[in-house]
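Annotated in TrEMBL:
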DOMAIN    1-253  domain 'UvrD-like helicase ATP-binding'
BINDING   ALA3, GLY4, ALA5, GLY6, SER7, GLY8, LYS9, THR10  ATP binding site
Amino acid sequence: MIAGAGSGKTTSLIKGLASILAIHGERLRLRRQRVACITYTDTAAREIWTDVGHNPLIHVSTIHSFLWSIARGFKKDIANWVAVRIQERIDELQQAAAGFGPRVQQRTRDKNARDIVRYQKQNAAIATVRSFTYGTGSDYAKGILGHDDIIKVSSRLMIHSPLFRTLVAQQFPFVFVDESQDTFPIIVEALIAVQRQEQARFCLGFFGDPMQRIFTTGIGTIPQQDDWKAIPKPENFRSPAAVLNLANAIRRDGDELVQVGGRKQKNGEQEVSVVGTARLFVLPTDDHRDERVAQVRAWIARANGDELWLPAANGDPVKMLVIAHRMAAKRLGFGDLYAALNDKAPEAFKSGFLDATAWPLRPLVSFLLPIAEATRDNRDFDAIQLLRTHSQLLAKDNLKGVDVAKLLNQLREASNQLAELMGPQSQATIRDVLVLATQYKLLAFDPRLAAYLEDIGADAVAEDWPTDGKQEGEEGPSIEINAMAAFLACPANQLRPYQAYVNEESPFSTQHGVKGAEFDRVLVVLDDDEGTHPQFSYEKYLGLKELSNRDKKNLEEGSETSVERTRRLFYVCCTRARQDLAVALFVSDPTSAAAHIRGLGLFPEADILVL
Ligand SMILES: Nc1ncnc2c1ncn2[C@@H]1O[C@H](COP(=O)(O)OP(=O)(O)OP(=O)(O)O)[C@@H](O)[C@H]1O
């Protein structure tokens, strides 16, 4: 099913699941089979799981848990794959070392040498691993595979092993994939391989919209196979008329899809179309951005006669969508964390910062902070659950011959200390938190993170690692090392406000984080100055800034540029609004920008305002 935003793809997916249960439920139960529904995020999985009434015949999960639930049984194949993977890493590191130029710092060379030794040790230990688990980071010597590994090893199995393909279809004769445009191409290839082999025994459904692909790792359009059926859904059920017109206009430059309809509302017995508003405010890039946004809100409140648009301290009814907002980060209290992982940081850190998936952040946000909070709030059950999920200490195999009471006491002590270190008043750094977790062996860190904790003395980091412009132009490893130094020195109490931001608990959401969601009032902030993402540029998208040489080269080669990527992100943002949409564009010269944008035919002329 390929259809635009608000066309009811997720709604249809849920209805489809209900029909499968009604028609095939009994048979599935008898054969101990389940229906798989794959979502892009854990949050989406929880929502769909609720919508299907927590029916145990339906397995709603992210792609990682889905793949692991099948692949985990293939221990021998996994062990072989891991051995090859470790050797690959060693080869890569040795190649990198051979290519080090004279400008590479000694520390980078030392780290490379130590990493090689570490992988060689893992290589030796791998033969003794009895079973593999799926964890926050990968630690092969302990049998722990990370997120990337799961994707690689299971897609490989699916593509190369007929037995594995049969097993997938036997366990899950129906597989639905939501947000299919952002699915890894290798996973699509693997699922198609299952379908080709199993034919009518396996029903595969993709639900997506290529215009809403916002991650570079996503496939975009699913290659349609000859015997597949395409289900069009031309109607839009979410957007008011003003927003639907804008959505169609944005899309016009990207593909052919046009939506009709729009949200309707009951007026007595009659259904009437919701008109809504969609306005563009063009504002100057100065030091008063927050005041300008407040001014826009006050303007709309007056024009629409809707007080809910006025700035609110708590429970803000307006959703503000920002790409990665330095000012919001500062105001919400995680300015240093933002700077550490965005300023002169590796690309992977910047993009992983948007949804807390960057490897330095993962264990902190998904495990250590939740456990600190559960402890502080006396939620013992939650704390134990977290330990069960993330820590090897409570794994069945590790409990044999262990004094459990003593272990639980130690864990309680560790959790108490964590709660203190990560509390709002704490002076501790992220390094302090990670060191504590290491001392208590709370979790097996991703080897990349473990390397920093072992290798680098805290003082050395603070004193003599340049974070000014000196390292510019140097090869990758130095950039990562410096970003990690800044990250480990960040105050640990910045993690909680950062997590609230990523989890949509603040009035701000990241533009990447809102796909699939809808809100009555949406304010999209377009500000290239504040973003640190060269892959997106609203000024280039709107024709206010020249394309870079790299963009031009991409164009020549037929690859996509930041213009297409930004158009898709803009489409996703604008189509979240159920009632009123405001777009605040910050540029150096608002008057001439507004004049230019009037010629683009995106917004009606009267709805482009310079305040
Ligand atoms: N047939 C329908 N009749 C009326 N309302 C509908 C219908 N289908 C969906 N809706 C409503 O329209 C809105 C959008 O639906 P849904 O979220 O399923 O769309 P979507 O295509 O998945 O959107 P997106 O691509 O933006 O994620 C929801 O509020 C949903 O309740």
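We number each residue from 1, going along the chain as drawn.
Cβ coordinates are placed from backbone N, Cα and C, and glycine is handled just like the others.
What you are looking at is a predicted structure, and each value in this text was computed from that prediction instead of being measured.
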Excluding ALA3, GLY4, ALA5, GLY6, SER7, GLY8, LYS9, THR10 themselves, which residues in that chain have a Cβ inside 8 Å of the centre of the Cβ atoms defining the ATP site? ASP209, LYS233, ASN236, PHE237, ARG238
Across every protein chain in view, the count of C-beta atoms other than its own within 10 A of the C-beta of THR10 (ATP binding site) is 18
Under 8 Å Cβ to Cβ from SER7 (ATP binding site), same chain, six or more residues apart: give me those in sequence order, or none if nothing qualifies. LYS233, PRO234, GLU235, ASN236, PHE237, GLN259
Across all the protein chains here, work out how many other Cβ atoms are within 10 Å of the Cβ of ALA3 (ATP binding site). 21
